[in-house]
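These come from TrEMBL:
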type	residues	note
TRANSMEM	12-31	transmembrane segment
DOMAIN	42-146	domain 'FAD-binding FR-type'
BINDING	96, 97, 112, 114, 121, 122, 163	FAD binding site
């Protein structure tokens with residue numbers, strides 16, 4: 001009788017251990033498996049605007065909700081989304097934007113949008129109200145990033161071209177296994193035009209050995225200690241990593257700026273492989 005009881009106990013204990021092991025395995029898979037993103041590369045999907053925060057007279061931050069509080073957008077680092085809207089003539093317009101959030105920001109994504117007076121998609125964002133939906137398709141883009149693929153990034157951004165740079169920088173700095181260094185030159189016309197300044201300064205303060213930022217203004221205020229005028233070769237030499245096989249310089253800005261920066265980089269000896277334009 002005792003033998004039977006003991007064997008039953010061993011059997012029950014064995015089942016209990018197996019159940020715990022299976023549960024632990026399931027939990028591990030749940031925690032380590034990358035959640036499925038909400039984007040569709042072929043079809044537009046609607047996401048509801050839940051918050052619109054005016055940052056300046058022509059810049060606002062838009063927060064859109066995802067289907068569940070643990071949903072992720074599913075956007076690879078350095079890629080962007082296509083947004084569809086209507087211009088002032090009620091005609092359809094599609095334009096690319098880079099969210100300032102990452103997949104570590106669950107349940108929502110955010111866009112920081114500079115709205116230009118004559119901008120067709122700017123009109124759509126200006127008219128958006130909380131509760132409205134934005135049609136989005138993606139991911140899009142040629143940039144692919146793996147932690148450690150370069151020793152350092154130089155970045156040259158102008159105006160709203162800061163958004164892909166901010167997204168890549170955040171992803172690098174917030175990954176404890178990524179030791180890549182980032183050197184950013186960010187150009188604008190006036191101080192008020194600088195987007196995400198508080199966030200950028202926060203990153204520079206939190207990661208002082210891995211992230212350096214140099215602001216350049218065309219019309220600086222009094223007592224300005226950053227760069228003045230247009231981004232020059234000398235500024236690039238002083239604030240970006242020197243040409244080397246294990247660095248890359250990213251650029252994103254208005255077309256005339258991108259063209260001028262490409263010429264500067266070529267003249268300074270950066271090969272085509274060392275350059276990437278968003």
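From the backbone N, Cα and C atoms, a Cβ is placed for every residue, glycine too.
All TrEMBL annotations are machine predictions without curation.
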Structural state census, the domain 'FAD-binding FR-type' (42-146) (DSSP three-state): 8 helix, 48 strand, 49 coil
Additional residues surrounding FAD, by Cβ distance to the 96, 97, 112, 114, 121, 122, 163 centre under 8 Å: 83, 95, 98, 111, 113, 125, 160
Most crowded position, judged by CB atoms within 10 A, among 122, 163 as binding-site residues: 163
Which same-chain residues, if any, lie at least 6 apart from residue 121 (FAD binding site) yet have Cβ under 8 Å of it: 83, 85, 87, 93, 94, 95
Rounded mean pLDDT for the residues that make up the domain 'FAD-binding FR-type' (42-146): 96
